[in-house]
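Database features (Swiss-Prot):
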type   : residues : note
SIGNAL : 1-22     : signal peptide
REPEAT : 432-454  : repeat 'PbH1 1'
REPEAT : 455-477  : repeat 'PbH1 2'
REPEAT : 488-541  : repeat 'PbH1 3'
């Protein structure tokens, strides 16, 4: 009897172990014939591996795809080709994707410290319509970035600027004598750039966006170019310039319609767009994520063409912690929704709304059951009551993909004042996230540090903002230009350190912390945009180390507290900002300020 019991127990244990094992499948990319540090094109191999995984794995299984540590090269040839409409990017299609993950569940991509290097014009990684997925332990870079890094070697007021391209920059002087960057399948002409101090990698003081005209350029020696029309006394020899264009076709990582995603120890060293763009996703965690250089000895000065991370129309909770964001050409993080402009009132329950910005359209805006509210664009005041969508369909084409206009029917009657003539926007309140931004370092970047536009709880704590060049923290809201929603109702900014922000001027940069909704007609505004309660925005226990005056600018706020903060003044730069006030407030009520 004892033998039978032992056998039964052994059988039960073996079945349990095999059941657990069956719940997790582990694949190694080397199984598919791709080895680390080989010159083999990884794009078609990874595409086939993902297809095999999808075919073999059962619903509910945990799946791990591992890459043995090393370098993997992804080319356009053999990549996945998709039509993607990506918020705040160029809507040019099709897109070529190196690692396309779609309709996945419980998938982990583990790079084990690998470098994923891309060529041409590609989206390195996409993750769409997926649940419970993890991306971890890899970096993203391009062999030939579309930004051309050059160093000023001579600056003659009469003869112009002479510069040397960085060793990795391939270039040519065109037939019409223009400096052009070259890469696999692309040619770039550069209209403007950002200047970095050659020693500190800070954005050069009081330069902002600089023009870099190279018409008439010629080589004076191998890899040494004189540009007679490029004259700028601020660019002393040794200055490094990141030459760039206006385009932003491809983020490093594109996420859409995902639920519960984690990005752990992932680094983006370059992308011709944002480092990470997530739209219409729920619950995202970034831990140890970086848009950064490859350490202190990296010869590059720049990272991404636009924001480091960007979250458009997401919900749930966005957590971004322990990250490093440096050298990017825009904000470290931007969280917002998108206003649709009312272009037609069909009846008392139906409106036609339109995506207005040329880089934000073509993707889903809302669903039946979503809560919405309406705003008057001129004064950014809410009008009427909150409402609910009962039906929504694309209006200018037959499907959501690529649509710019939507017919939306609401549960309750729409306020009679809302029409297509006076300027009104529709805001989706359901697709708004809670945000925790903590323990991050933001440094040496263009424009601003962080930007938040969400009514849900937002906590910004224990971060280092080091020479962000513009405003360190911006609370915005705009139904006139960018059309990025919305009002902030519950914001805590605490235990952060700010070192010499505002060395340059960019949009909305009125102080180190700038609460700046875009309100064309502020004088006729009766209500307030941000806040709405006592302590709606609290700024406390921070340290400001600054060379200039403006610490806090606020416009149209009800409920603002500034307390227990330390302000130190240094002489590292000459004060130049037009705002000479420590605290400049416009239409702010219910405010308490004490250093």
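In case you wondered, yes, glycine gets a Cβ from its N, Cα and C as well.
Averaged across the repeat 'PbH1 2' (455-477), pLDDT in this predicted model comes to 98. Helix, strand and coil residue tallies for the repeat 'PbH1 3' (488-541), in that order: 3 helix, 17 strand, 34 coil [DSSP]. DSSP states for the repeat 'PbH1 1' (432-454), grouped as helix (H, G, I), strand (E, B) and coil, give 0 helix, 12 strand, 11 coil.
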